[in-house]
Amino acid sequence: MTFFHFGNCVALAYVPYVIVYKCSGLAEYSAFWKCVQAGVAYMLTQLCKMMILATFFPPSDLPEETFDIVGEFLKCTVDFADLVGLHFVMSKVAGKGQLKFMIAGMGWATAELVMTRFLPLWVGARGIEFDWKYIQMSFDSNVSLMQHIATATLVWLYNRHDLHKSLVSVVAILLVLSSYRPVIVEVLIHAVGLGTWTVLLAKLLFTSSVGLIALRLYVSLSLEVNSYY
Amino acid sequence: MWLCGADEVVEMFKSSFPLSFLFFVPVLILISPVSPAAAAHEFAVFRMQQYDLQGSSYGCRNSLVNVEARAIEAQMYTRRCVITKLQDLAMDKYREIVSQNAGALLVLLPQNLTELPNIVKEHLLELEQDLMQEETPLPVYFATETPQLLDIYADVKTSMNSDQAGSAAEALLHAASANGFQMVVAGAQSKALGDFQLVNIQGKLTGSGIEEQLPTVAIVAHYDAYGVAPMLAKGADSNGSGVVALLELARLFSKLYTNSRTHAKFNLLFLLSAGGKLNYMGTKRWIEDQLDSSESSLLTDVSYVMCLDSLGAGENLYLHVSKPPRDGVAGDVLLGNLREVMGQFYPDAKFEMVHKKINLADEYLSWEHERFSIRRLPAFTLSHHSTHKAPLRKSVLDVRDSVDKNVLSRNVKIIAESLARHIFNLSHDTDFEVFADSLKVEPQTIGSWLDYISSQPRPAQSLGKTSPLVATLQQALAKLLKDVQLHMVKADKRDPEFVFYSGLEYVMNAYNVKPAVFDLFLALGIAAYLGIIYFLVQVGTTCH
């Protein structure tokens, strides 16, 4: 399409990040460099993941259409490295307690956005051909922002010692669910035959429910913490 | 010092947002590569004929397309690529499209041309003739219908266009939801092929005796084909059948001539001529070179020239002459033989002589023999067409299925028998068959030659000296005849009689596009969405 269309896509993909950064208090604590550090940690984690994938999961000879569910499942297991990475960021990067996971999630999501979304948009959204997928991609990056912040919150919660014992298992289940999100989405696409818009909607619903539960847990915990004072 | 300067520049951009915006956006636009996305739809298209002949230009003069698609039902064609099915394109519509300055015309041809109803066939034949009457700046393309192309066509057709909308609001709404196609043919503009050479292929069988003193019979067939789009012109009947007949005659008579007992006192001269559909340009130059050269040529005292054109269909056989042969000359003898052979072996078929004087005022000569008759050489054409105006002679409809190998074999047999009776001077009342048993006409060979020759398009433009078809024909003749030569015909540099153009076949891309207004609407939608997000985040943080 046109440069204008590219501008639209970029605005849709990036402006929510700016809004969240400005309004969540990160800007006031001048957490910019910390976010960049989180981003660098993201890149290192991805590098490690890729090495593991390339070493242990050689490309299969199966034809394109068939869906190897066990293989995909195992590949998604490698995504637990993301959780380790997030934990590493939160334990090494200094910051006020509650701010930690915002920094980690924000930096993580932004790095992902820059690394995986900008180039396809630059190449694709400016071509002559119009396709909804670039708008969808931009929406999807908004969903991933939510997703990463929620995951960071869950990792933070999981490492809290004052978390109620019964809630630990809930947090663990949510973490596993968000790690296996890609494979769940794949299964949905293959089993139900969802269209691209419905897949996006499903992702949004999934992420927002995980996000809401994480928020609920976080709020209850912080109320508890505050009540000590 | 440099760093200080850099700092100042950075400061300048930092202090003023509009300035940096004005600076960076054009830079981004400038460095952005040109349309890197691969097209979703790609298909082969065949361009309409483009050539200059005897000082006049014919066909479409442009090849490049980069405009939006429109169905032919729309009213506005200006700077649009009009897509139409063959049945919907009429000549008055075409004139309207040209006069409105359309960007291009894409005609969808049905998959199987032979199975069309007759009325559609006639429509196509008429359209082909009318389209080729004049030149046009409009790029005209033909494509064979595929499911994918039909989908695009249906999309273009159903999307109501903004210029047809009832009100401004409707037009605006439509502009936002429309689904258009940008049709693109990229590449180089078609340009004249400066040093293109037509290739005539000649060969001979020498009679028994001193070659120069023997009478000669020439057998001629042109081997190119013609259609509204060069790469769709298979020309199975005209003149694939003539070429196959000539090859079979060469085979039969070369067998006779290798045996000293059946070696006739006649020279046989064979010519496969080029550019036959373009006013017999190859034949014209060949005659000139043969007659005007200093060496004596077999053509100077030829008994008659027999041209073969369209022999593969129909019941009857016609002999076209521009001047009926006088009694007793060789041509008259052959005419008599033909009548007799037809009467003896195929009494059901009709044989007739058609007399048509050469009209020098006409742009085109009617038959190939007229090229010889102009130079006062006795000549005639054999064809199943009763008139030279038969539109099938210059049509894309002339494909393999319209030719029957058995009919062609019958016609070859008739011609061979009559010719044999003439050159061996066989008595008139005999019903002796020369071409029987081991010498018989082979329908199988004829069928496979027909298959081969009509399997590929044969426009004159593509039959240069590097063409594989020319090489194949040359080899086939070289096996049977002596002295097989290629005779090159090149147009004069300053005043060319014919000019061909490149660009017969292109790849057309159809890009799915949205109108510019759509992006505006999208921008509004995104702004609203971002506003809501901002609001939600604000509310969320203040509650917190």
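Numbers here mean position along the shown chain, with the first residue as 1.
Using N, Cα and C of the backbone, Cβ positions are placed for all residues, glycine too.
Heads up, TrEMBL stuff is auto-annotated, nobody curated it.
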Matching range for TrEMBL feature annotation, transmembrane segment, among A:26-45, A:106-125, A:166-185: A:166-185
Spatial neighbours of the transmembrane segment (A:166-185) far in sequence, C-beta under 8 Å, 6+ residues away: 69, 72-73, 75-77, 79-80, 82-83, 147, 150-151, 154-155, 157-158, 199, 202-203, 206-207, 210, 213-214, 217
Close approaches to the transmembrane segment (A:197-219) from elsewhere in its chain (Cβ under 8 angstroms; 6 or more beyond its ends): 98, 132, 136, 139-140, 143, 146-147, 149-150, 153-154, 157, 163, 167, 170-171, 174, 177-178, 181, 184-185, 188-189
